[in-house]
């Protein structure tokens, strides 16, 4: 230890052992410091030491320097060890030095261009025929000696690193010039209107005062539309808040398959009472009901027109100039209808076809009307139109073969005929007054004879029709006989199939050497009835009732 002290090294004597009284006082002082009743211990730099920090962290080991006081300096970043990075204002130099202009060649400079910062072999300029060393003219300026930047992690990824804030001032000045030009243009326009007498002096002052901040506030705050009241700090919209006494939307219909409720926006677009309630008695029909009813659609169309007009250069706004926008929208609709009408007329004039546009009424085309008619239980009309006259399914008032009266309009001696010609033969050609005179001049017997001949012909026709029907019935009877024969054949085939199955079982039980020759082979082809019997008797494995077939 003495040798170490003589050579300038601090002595490494162990600390003396504390007495019991000193140890107790030290512990009491630590407790008082932890409770805040005693002032905290101060390190060598004058900073307070947290009393809750353990002793092995704050105290310096005795074998390092027993004379040092407790400190936390070793826990903090050491300036001599810390890596130094470039500051935020440092960046690479750009361009050339504009202040100093060299007019004389300097010793050690580039022989080609005359710059001191590089040599001839490093020069980027075009090789001159006679270098600047010999001419002493057009000495190039010296380049900047670029600094070596040592950027930290954030500095390497800073997108604004090296940006000159004075560049933004140029943008501000440019917008200020545009604003000044707008104000000057408005002032000239106002003066022209005043000079022409279109605008009063009192109105001009109000227009000038209102139009100062018109461009700035027109579309600056699109989010602050009426009914929203957006707060950027709280990030909520007042339009979604409800009165606490009202029923919550998600409690109106507890069916999980009903209208979807979005808890984030507190919106329920569909109607929660789609089933189970009358639509007229529903108190709440969803957000879409209020969105697509009333003047909402008209308001949305007007807003859309305002946006389109603003994109095309018209100075209109729904909230700023609602009256101007409404008048402009109405005039636009009128011009649009006029344009459509002119276009339609030009097409009709060029191609024609106007007669096809004059279509009959809708009720004549579709045989449907919207007239309300209310009937009683017995079919009487209570409200609306009168009940239509009932018509038969047969055609009425049909005049054939030049007759002016229908068949059955004339009757004599139990016979029907035509009144126009007194003809008793149906589907005959009308002879008019000549036929009446001829029939009246003939005797009554001839008249009855002709009528009887007509009746006989009609009876012959009926007999022929009946004979045809009887033939058809006979063919139907033959079909029934064929079916009976098929049934009998099928029955015989089923019996033969049963016998064949029993025969096969009996042969299969015999020894192979005792079986007759080709006993299980059939030479002839099976008939349709035999195939049907085989299908009916065949046992199917997938049939659940197959086990009961042999019982």
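Glycine is treated like the rest: Cβ placed from N, Cα and C.
As stated in TrEMBL, the feature region 'Disordered' covers range 196-226 out of the listed 103-133, 134-164, 165-195, 196-226. Range with TrEMBL annotation region 'Disordered', chosen from 408-443, 516-551, is 516-551. Per DSSP, the secondary structure of the region 'Disordered' (453-492) breaks down as 40 helix, 0 strand, 0 coil.
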